[in-house]
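Annotated features in TrEMBL:
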- 68: active site, proton acceptor (ACT_SITE)
- 69, 72, 74, 76, 78, 87: Ca(2+) 1 binding site (BINDING)
- 160: substrate binding site (BINDING)
- 190: heme b binding site (BINDING)
- 191, 241, 249: Ca(2+) 2 binding site (BINDING)
- 37-113: disulfide bond (DISULFID)
- 70-75: disulfide bond (DISULFID)
- 119-321: disulfide bond (DISULFID)
- 197-228: disulfide bond (DISULFID)
- 27-325: domain 'Plant heme peroxidase family profile' (DOMAIN)
- 1-25: signal peptide (SIGNAL)
- 64: site 'Transition state stabilizer' (SITE)
């Protein structure tokens, strides 16, 4: 269900024209580096493509890294900072991947535009480019973020969790000025994601009264148990959109309808009326006004990427993304 090339072109045009308004008034803007570092976006794009050719799973890692960055201290690249008790040492972030892609792009940009482009912007651009190389549509990324100087593992408590109820998920998104449709759209990014067995195996063996989660399709339950045997390797990774985890499309929503969501928090989106209605619109259920996932995902990404950004004289432009200046 990936987007054909002609559809990608249409999505680029539509998203470019409809997202400009969303990026205004946030302290960021489209084309922020047009004169100060005109090659910045193309360098990030070619870097993501290069790493993707070697390891297609890197796309999901970069997308999730941007998500985790924005939900903690805003989209300021604080997830990239090394050190004891920094964000990347927190439980939800320990299995994040793709740091080397950001470092690679930053090093190349520093050679042509030293001290100009923030790590936070590089990460936002890389997240967009990860979707594109995975077959999804593009969107214009507003830039102009500055890098944060603070990174604390304790601040990650507000990250959406894999056991969260829909009400808890909705509140965490609302706290970032993101609505229910944004929540469902951004979860759709799991179409190119993976998860370690340790984050969902409890659903397979000991969910209620020693049995499995009853919302899991029986045939899918057998598949997951084969991939994650009881007492097996908890770090083994499983595709969240099992079978097409390197292709960005709307197919993941149909899997939620069919009881094939891997994470409990994702599957709950089908069980709650307020989120199920949005899932149905992305699937294209007859009698329900449809939504084009690629376009709505881009809109929600722009909104999320403007969460609590640091601009102007706030923050800094790091020379090395893993260390404050």
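We number each residue from 1, going along the chain as drawn.
Just so you know, glycine gets a Cβ as well, placed from its N, Cα and C.
Separation of the C-alpha atoms of residue 78 (Ca(2+) 1 binding site) and residue 119 (disulfide bond): 9 Å, rounded to the nearest whole number. The two recorded residues, residue 191 (Ca(2+) 2 binding site) and residue 64 (site 'Transition state stabilizer'), show a Cα separation of 11 Å. Proximity to residue 70 (disulfide bond), judged by a C-alpha distance within 10 Å, picks out 76 from the recorded positions 76, 87, 160, 241, 321. When the CA atoms are compared, no recorded positions among the candidates 37, 64, 160, 241, 321 lie within 10 A of residue 87 (Ca(2+) 1 binding site). Using Cα positions, the member of the recorded positions 69, 72, 75, 160, 228 nearest to residue 37 (disulfide bond) is identified as 75. Rounded to a whole number, the distance between the Cα atoms of the residue listed as 'substrate binding site' and residue 72 (Ca(2+) 1 binding site) is 11 Å. Residues near residue 64 (site 'Transition state stabilizer') in space but far in sequence (CB under 8 A, at least 6 apart, same chain), listed by position: 96, 189, 193.
The Cβ of residue 68 (active site, proton acceptor) lies under 8 Å from the Cβ of 79, 87, 92, 93, 96, 156, 159, each of these being in the same chain and 6 or more residues away along the sequence. Among the recorded positions listed here, namely 113, 197, 228, 249, 113 has its C-alpha nearest to that of residue 321 (disulfide bond). Ranking the binding-site residues 78, 191 by C-beta neighbours within 10 Å puts 191 at the top. The shortest Cα-Cα distance between residue 119 (disulfide bond) and any of the recorded positions 113, 228, 241, 249 is the one to 113. Distance noted between the C-alpha atoms of residue 74 (Ca(2+) 1 binding site) and residue 160 (substrate binding site) is 14 Å. Using a 10 Å Cβ-Cβ cutoff, residue 74 (Ca(2+) 1 binding site) registers 20 neighbours.
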